[in-house]
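Q: Please read through the structure below; I'll follow up with questions.
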Amino acid sequence: MMMKYEAVIIGGGPVGFMLASELAIAGVGTCVIERLEKPVPHSKALTLHPRTLELLEMRGILERFVSKGSKIPTGHFSMLDTRLDFSGLDTSCPYTLLLPQSKTEKLLEDHARSLGTEVFRGAEALAVTQNGEAVQTIFKDRDGSVRTITSKFAVGADGAGSTVRKQAKIEFPGTDSTVTAALGDVVLLSPPPSGVLSLCTKEGGVMIVPLSPDRYRVVVISPYRTQTPKDVPVTEEELKADLLRICGTDFGLTDPSWMSRFGNAARQAKRYRDGRIFLAGDAAHIHFPAGGQGLNVGLQDAMNLGWKLAAAIKGSAPSWLLDSYHDERHPAAEGLLRNTEAQTKLIDFTQAGLHLRSMMSELLAFPDVNRYVAGQISALDVRYEADRTMPPNRLNGARLPDMKLILSDGNSERLYSFLQNGTFVLLSLRQEADDHIEVKGLRTVTASLAEPNEKLRNVHTILIRPDGHVAWAVDASAPDCSEVIQKGISRWFSVTSRV
């Protein structure tokens, strides 16, 4: 049976459903092919970081997630004693949201379906091939029938063992695991007083966070078990023994609902695009799960790719736009792999290692150092290469935080509210600006700032991308300001034939 969609996503985890939602709000006919008939009940990831929360806020769905999670104003770097302080960061979401991945996935799947995405669960992708004009995806449906989908693009969001990546023959260089650790979702009859614990001694490291009123995630890194193969099952007795040795108590650990062993393998796809095929999330990059960053970076991949694919499909993308996905997101994941490798090296239980950890913890107590590292973990410091065809500006390529605006009619609105439909926003901060520019996919807003903002001082106009990054900004002092703005609009809205 032959079916047609404009875009096919292989992999129905959080990244796949985030991408499907982005395509759907742009009116792109999309389907998701997911091997599992039902979502996995356990959760690998537990946290959504500030930048991811900003993206959800841009689409007007943040409260759905916040209502089911718990806000934590801090994060951690390599389980050091000094926590990362998110509360002072320049964001409307200065916290980590503790929310199990299973709930995140459910919310994103529901959102994607509500926007019209078709989901094939219990379906296995067998072959993904392309020519210059289309992609053919052959899959086995849950009833055993073999179907073929023809689409303009396909995206592999199908995890570390990605079928899409392998069939596209995209290299996945990196390193295999050299150490392993264990985790368990358990009941603790005598939990830590605050419910949260991060501890490292010469006997190993432990992290404990609450999942629900009666269940906790326990992570143990034992120097005596780091060479245990990943496929060796974790036992309740192992977790209890390690807790007792490291913490002096096993906290009354009982009733594990899920236990797993994980390693520090680190790999990254050599390229994120091969013609009409793209990779996102774990299909593009894997790493040691330090700092809870992997899911977040994957969701940010989806947010970067969605509007670009939609523009290409609708015929409004300049020729260079699709290549910019790799150019922007590959370096972002390189930074992720660097900082998680650094965190892995810091998890050292020798005497020298503990001294190094103590010194690093002291350094994190300096506000500037803490802010720098927090910017990396939160992904708020991700900045894309500036558009070199436009005059240099300190804002070009940076994310733009949410802010209160006073509109020309005197009413106030939050900046992110204008991004809910996934369009570009041309924000003019001068009342004399031309607010009659009409370009499909561009919303023009003339406003003033409700509060002084040094970063925006003397700025005339900003073109804000659908993912909240600044495409370009023009200062009021720029020569031929109006001409430069028109040039910038033409640069990003070059009309092409539909692909």
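We number each residue from 1, going along the chain as drawn.
From the backbone N, Cα and C atoms, a Cβ is placed for every residue, glycine too.
Sequence annotations record features per position, and here Swiss-Prot assigns FAD binding site to 6-35, 272-282 based on similarity to another entry.
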Q: For the binding-site residues M18, A24, work out the Cβ neighbour count at 10 Å and name the residue with the minimum.
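A: Counting other Cβ atoms within 10 Å of each of the binding-site residues M18, A24 gives the minimum at A24.
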Q: Which residues in the same chain, at least 6 apart in sequence, have a Cβ under 8 Å from the Cβ of G12 (FAD binding site)?
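A: Counting only residues 6 or more apart in sequence, the Cβ neighbours of G12 (FAD binding site) under 8 Å are V32, I33, E34, L36, E109, V119, R121.
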Q: Inside 10 Å of the Cβ of F278 (FAD binding site), count up the other Cβ atoms and send me the figure.
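A: I count 29 other Cβ atoms within 10 Å of it.
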Q: Relative to the Cβ position of T30 (FAD binding site), how many further Cβ atoms are located within 10 Å?
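A: For T30 (FAD binding site), the count of other Cβ atoms within 10 Å is 31.
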Q: Let me know the most crowded of the binding-site residues, choosing from E6, Y272 and counting other Cβ atoms within 10 Å.
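A: Result of the Cβ crowding comparison: Y272.
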Q: With H, G and I counted as helix, E and B as strand and the rest as coil, say where DSSP puts F278 (FAD binding site).
A: strand
